[in-house]
């Protein structure tokens, strides 16, 4: 090729070849295997072929690399060979610049031509096609992969030779010939969720559910249960009127029934079964209405507990501590609420908020409120080695005696000032909480 237009056309063709293979490479790398499997199941004819490329890309990508490398080398070689002489003649002859020898001018011409060619190759042969492939990977892959796969079949011996050579060199360097498979970690998934929320593709509530699923797997039964002191239960000798009154008051559907105390649970009373029985002509003894109780250790993982309750087809379980005593109860609803948040129906009584702002920097807090939620709300840090999970536990950890229906001294710990407002037996019902250092005159009066 002697004419400049023909030589320029050759450069354009080589740049377009580079662009084609660069675009194909990024398109294949950007494909989503999960989406391809879904398309294949829906009957898409090209999806299985693309999925195979994604799962076994080594030969395919080697073919692309060979093509890109050859296109780049040939483009540089032809450009230097075809245009350097023209440039030297123009500078040396037409411009009359003879301060440098022709050999030096030829070298400088090759450098200048290479820089100009690199610019066009990067913009037209690399960056632009790759950007297009990143935006529309599936469409690009459908369009280009057939051609590249045909070329890969032709170049298979060359790809094999290069693969053997590469693996041999890696073995000499005592490096693995295959990359280790990396499993997706929990932290990476959380980062993807955060990114999706920032871009608006994942709603805030959906992101919270996903985070809750991971936190759920780290929780134990004792973290989610209703503690024994808060459980509504009946002795086996309870009168019908007492049971009916509790059903009206709580609206619950299931109640533990015990013999003597809550450490000796006999079974679970279903409110519906009880009411239907009492509406009949021949009511049975309470003991005969009980369903078998499901007992679980308080250290049982929440996810395992959910699977266990599903397999047993039970909605409530009695949680047992390490000493064999009843620590509390846990329901299927408790487990699900840990993931999706509070679940209410038309019969649930309205529950007061466990943490409620009552003034500037002052909060009314339930004694059973989770201490981590309290600390997060008030913006304080908790010690890692703490041995309490609730606000009441924090107060008791600072006292030498346990108060009973009497005044409780104010407590300052973990950056919190706690004034106990109400005590029921040995249980702290509510308290007024503020950060240490906040002026007490801002505090709401104790109720």
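Cβ coordinates come from backbone N, Cα and C, glycine included.
Automatic prediction, not curation, is the source of TrEMBL annotations.
For 1-208, the entry in TrEMBL reads domain 'CNNM transmembrane'.
For the domain 'CBS' (225-286), DSSP puts the residue distribution at 24 helix, 15 strand, 23 coil. For 225-286 (among others), the entry in TrEMBL reads domain 'CBS'.
This prediction places the mean pLDDT of the domain 'CBS' (289-346) at 89. Under the heading domain 'CBS', TrEMBL lists 289-346 (among others).
Residues or ranges marked as transmembrane segment in TrEMBL: 12-31 (among others).
Below 8 angstroms of C-beta separation, residues 1, 4, 7, 10-11, 14-15, 17-18, 21-22, 24-25, 28, 53, 102, 105-106, 109-110, 112-114, 117, 121, 125, 148-149, 151-152, 155-156, 158-159, 162-163 of the same chain, each at least six residues beyond the ends of the transmembrane segment (59-88), sit close to that stretch. As annotated by TrEMBL, transmembrane segment applies to 59-88 (among others).
Here TrEMBL flags 108-128 (among others) as transmembrane segment.
As annotated by TrEMBL, transmembrane segment applies to 140-162 (among others).
Counting residues 6+ beyond its ends, the transmembrane segment (12-31) has Cβ neighbours under 8 Å at 50, 53-54, 57, 60-61, 64-65, 67-68, 71-72, 74-75, 78, 120-121, 124-126, 128-130, 132-134, 136-138, 140-141, 144-145, 147-148 in the same chain.
Under DSSP, residues within the domain 'CBS' (289-346) fall into helix, strand and coil as 21 helix, 16 strand, 21 coil. Same-chain neighbours of the transmembrane segment (140-162): 20-21, 23-24, 27-28, 31, 46, 49-50, 53, 59-60, 62-64, 66-67, 132-133, counting only residues six or more beyond its ends whose CB sits under 8 Å from a CB of the stretch.
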